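Peer 1: Have a look at this one before I ask anything.
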Amino acid sequence: MSNVRSDKPFTLAGRTFQSRLLVGTGKYRDMEETRLATEASGAEIVTVAVRRTNLGQNAGEPNLLDVLSPDKYTILPNTAGCFDAVEAVRTCRLARELLDGRKSHESRTLVKLEVLADQKTLFPNVIETLKAAEVLVKEGFDVMVYTSDDPIIARQLAEVGCIAVMPLAGLIGTGLGICNPYNLQIILEESKVPVLVDAGVGTASDATIAMEMGCEAVLMNSAIAHAQQPVLMAEAMKHAIVAGRMAYLAGRMPKKLYASASSPLDGLIK
């Protein structure tokens, strides 16, 4: 069948990953819960807010990298808390310095760019995001970018050189799920770079739907960290991602208006 989908490796910045679940490291009760939930998720990429997390810049304080070692995980520094391009670029440069010299040296230019518009909605400021992306790409960063679900902005971010676009499913931390599947579908159909859902996931079914739609991967934090049992939810998310990917590859049955019997009606016993 010509429309059968074949699986392709999940590749970022020249590296191939087995897990299509990326997880954040904030909002947990303590570092031990962070470690346990991350392990249960099966994630290989963990994202870290450089401005809020000690990666070695604060000597004498607990260092997240002692709990989530770069020897085991790909550390994805992000620019959470930045509200303009200048702040975001400065934060990425700091992250590169902090991660330089670690075993994950080969992935130290991989960053997650997010430039926020305001504290209330945490919507991305797409104008400042585009400005920052242009600078970071020129400086050799591999930029994964948090953006709105506007297909035109997603296209422009890919055109300036971002290696992945990460449209929000819903507002950060809301758990509302995929609020605008139509725009997301357009982005998926048009994008020439990997598309990852970022923000808004609330439970396992949200992650599955994103993967069924054709997303390369899903990034989440609050959905796991704010669950009543974060470690158990992390494991649920691991399975949800796999199930969604398999369903996408398998291809769902067509929707029909009228019933269609599972068993043939010919030759019935009379």
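Yeah, the Cβs are placed from backbone N, Cα and C, and that goes for glycine too.
Swiss-Prot lists these features:
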- LYS112: active site, schiff-base intermediate with DXP (ACT_SITE)
- GLY173, ALA199, GLY200, ASN221, SER222: 1-deoxy-D-xylulose 5-phosphate binding site (BINDING)
Peer 1: Record lists GLY173, ALA199, GLY200, ASN221, SER222 as binding 1-deoxy-D-xylulose 5-phosphate; longest Cα-Cα distance in Å?
Peer 2: 9
Peer 1: Using DSSP with the three-state reduction, classify GLY200 (1-deoxy-D-xylulose 5-phosphate binding site) as helix, strand or coil.
Peer 2: coil
Peer 1: What does DSSP call the residue listed as 'active site, schiff-base intermediate with DXP' in the simple three-state scheme?
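Peer 2: DSSP assigns the residue listed as 'active site, schiff-base intermediate with DXP' to strand.
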Peer 1: Give the number of CB atoms, excluding that of GLY200 (1-deoxy-D-xylulose 5-phosphate binding site) itself, located within 10 Å of its CB.
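Peer 2: Taking all protein chains shown, GLY200 (1-deoxy-D-xylulose 5-phosphate binding site) has 25 Cβ neighbours within 10 Å.
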Peer 1: Would you mind pulling the DSSP three-state label for GLY173 (1-deoxy-D-xylulose 5-phosphate binding site)?
Peer 2: coil
Peer 1: Whole-number Å only: compute the distance from the Cα of GLY173 (1-deoxy-D-xylulose 5-phosphate binding site) to the Cα of the residue listed as 'active site, schiff-base intermediate with DXP'.
Peer 2: 17
Peer 1: Reduce the DSSP letter at SER222 (1-deoxy-D-xylulose 5-phosphate binding site) to three states and note it down.
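Peer 2: Once the DSSP labels are grouped into three classes, SER222 (1-deoxy-D-xylulose 5-phosphate binding site) ends up as helix.
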Peer 1: Can you tell me how far the Cα of SER222 (1-deoxy-D-xylulose 5-phosphate binding site) sits from the Cα of LYS112 (active site, schiff-base intermediate with DXP), in Å?
Peer 2: 17
Peer 1: Can you list the residues of the same chain, besides GLY173, ALA199, GLY200, ASN221, SER222, whose Cβ falls within 8 Å of the 1-deoxy-D-xylulose 5-phosphate site's Cβ centroid?
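Peer 2: Nearby residues not in the site list: GLY170, LEU171, ILE172, THR174, GLY175, VAL201, MET220, ALA223.
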Peer 1: Measure from the CA atom of ALA199 (1-deoxy-D-xylulose 5-phosphate binding site) to the CA atom of the residue listed as 'active site, schiff-base intermediate with DXP' and give the result in Å, rounded to a whole number.
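Peer 2: Just about 13 Å between their Cα atoms.
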Peer 1: Determine the most Cβ-crowded residue among the binding-site residues ASN221, SER222, using a 10 Å radius around each Cβ and all protein chains in the structure.
Peer 2: ASN221
Peer 1: Around the Cβ of GLY173 (1-deoxy-D-xylulose 5-phosphate binding site), how many other Cβ atoms lie within 10 Å? Please give the count over every shown protein chain.
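Peer 2: Total other Cβ atoms inside 10 Å, all chains included: 16.
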Peer 1: What are the sequence-distant neighbours of ALA199 (1-deoxy-D-xylulose 5-phosphate binding site), meaning same chain, six or more residues apart, C-beta distance under 8 angstroms?
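Peer 2: ALA199 (1-deoxy-D-xylulose 5-phosphate binding site) has long-range Cβ partners LEU122, TYR146, LEU168, ALA169, GLY170, LEU171, ILE172, GLY173, LEU219.
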